[in-house]
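Data block below; observations after.
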Amino acid sequence: MGFLLYPGGSCRASPGRLGVAALYGDITDAMSARGTRLHERCFGFGMVAGPVLGGLMGGFSPHAPFFAAAALNGLNFLTGCFLLPESHKGERRPLRREALNPLASFRWARGMTVVAALMAVFFIMQLVGQVPAALWVIFGEDRFHWDATTIGISLAAFGILHSLAQAMITAPVAARLGERRALMLGMIADGTGYILLAFATRGWMAFPIMVLLASGGIGMPALQAMLSRQVDEERQGQLQGSLAALTSLTSIVGPLLFTAIYAASITTWNGW
């Protein structure tokens, strides 16, 4: 019955998130560092609540977490239908065939060298973020012999640390060092954390390393704020949509790439 996961995953990867990102950029100052920090805090809260709720529901039935997720998605649907404002009221555009091209969302950035370079950095950072998304469970089981409970605790711990980093250090670091240096510091923290994780031999070692990985999250708000200032207000929604499209692309490429590398190296190199 495992084949049923594939259509489910396809539906979950539907372009709904692109519309949400574009709407978010149109009706809020979403690309400011403050707006991005709020977005990242919500992500961190989800990282905490998801494993906890999934674990509790899984105690009743292996089907329960999926029913709960479907119910929450239904609530999101109703919220979108009745509470979200229309950001382009009276400005509807006809659907054109060229708009169906998956690369069309990037055409607006042609000739904008700085934007293209920053979007490339964004793509790489999001691609790197797919490493734990694709391998955390497998790596924890193989290297540390973690069970499902410990894996859930580790994910919740990272969510808490990520939220704390966004709430407590992102703004002060960006204000003191500037966005460019904050971005560089975040990438250094991330890279150092991944290197240390590769050499970790005990399960407890992963938890202090999470502090570095969570601190690396200060780079993304700085990068998105830098991108925001490169485009005018009318293009903020397009920028958000393009970034969401890049994120979706990394969610396709990342798991394939990193699981292949892991499968090829797990039997020949254990980190030492």
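Please read every residue number as a count from 1 along the shown chain.
From the backbone N, Cα and C atoms, a Cβ is placed for every residue, glycine too.
If you check TrEMBL, you get these features:
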DOMAIN    1-272  domain 'Major facilitator superfamily (MFS) profile'
TRANSMEM  66-84  transmembrane segment
TRANSMEM  114-139  transmembrane segment
TRANSMEM  151-175  transmembrane segment
TRANSMEM  182-199  transmembrane segment
TRANSMEM  205-223  transmembrane segment
TRANSMEM  243-264  transmembrane segment
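Pairs of Cβ atoms less than 8 Å apart link the transmembrane segment (243-264) most often to 114-139, out of 114-139, 151-175, 205-223. Beyond the transmembrane segment (205-223), the same-chain residues lying 6 or more positions past its ends with a Cβ under 8 Å from any Cβ of the stretch are 33, 36-37, 40, 118, 121-122, 125, 132, 140, 144, 154, 157-158, 161-162, 164-166, 169-170, 173-174, 179-180, 182-187, 189-194, 196-197.
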